[in-house]
């Protein structure tokens, strides 16, 4: 009788899973399929084709996929390559506390590209991928102007505090913060526009808002009170770098595919008013497939009229880690990070670090997340080309997550890490 195992059957979403099938006809072409349904009912699926061993087995730790959504030996390939059946959707966990993603794994003893009602798997298993470990607490935050969600790890603490921000389409995403809390951080998923009663558009950014958020986090008795870390991606990385430059309580900063200057909006803080470099919308491109390619919209910082918009990284009190994808189709992130690194070193700041990943796109997410190289962030927008190649990008997610955790633990709070 055919069998299928996936271990662990219940795990955090950032943990690896080992998949193995047995009891199949020897040296025969088979299909292993993965699929899940997100909270809005959208289906994401992947499949890979394998030749069974002479014993009728396939172990994804050793077996090489002959085709499907990937080729070669990729133990996590079925999860990395999950794609929406409705084009341009992005897989995002919204209810991080109440339910896991249920990933269905199925084995067919023949080639299946698109399963029909006539196709019945000879073995199947469902695995649970959670975004919180047991004991993590979640709190809605409406404190003064602050809007977001606070996640606290199990235990008394105190824990290192982190402010977590996403990009330029606004709203609030919680999945990274819930995983950070599962790894020992008090993490504040912070919205800054297009959420609740916050401004609908990002025109003026007051750093006092983020200062209030940091003070709110530091007042919590379960948070180490000597300073906070900040992590952001895209526009969130740009803001994270601004916080590092101007807020004394920021002890460490992680910038994922961001810029080294203010773009598009005006930044204010006390008597500071920094006007952003305007976006050059006339340089947006539409690819042959109808994808929005915005990389050239962001102007060069080298122009003389843009110098006052460059963030003074040398003023940051703590270390900064730039994580960039070299196939980022949204920003020229590597160039921005290299400019920031050169400026910091030229002004005597030597704790700025750069990790650059070939073949990696804009949306670098926690490990186990599928590659999202295209998505439609809003109903009234074209699908956006984010970039990335499957193996390189998802490998970078594995590597960068460990670097993020290590960096933040070392500089914000405790030295002892949770097991990864």
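Cβ from N, Cα, C; glycine included.
Among the features that TrEMBL reports, domain 'BAAT/Acyl-CoA thioester hydrolase C-terminal' is placed at 206-412. Marked as active site, charge relay system by TrEMBL: 234, 328, 362.
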* Just counting, how many other CB atoms are there within 10 A of the CB of residue 362 (active site, charge relay system)? -> 27
* Structure fact -> One should report the C-alpha separation between residue 328 (active site, charge relay system) and residue 234 (active site, charge relay system), rounded to whole angstrom, as 10
* To the nearest whole angstrom, what is the C-alpha distance linking residue 234 (active site, charge relay system) and residue 362 (active site, charge relay system)? -> 8
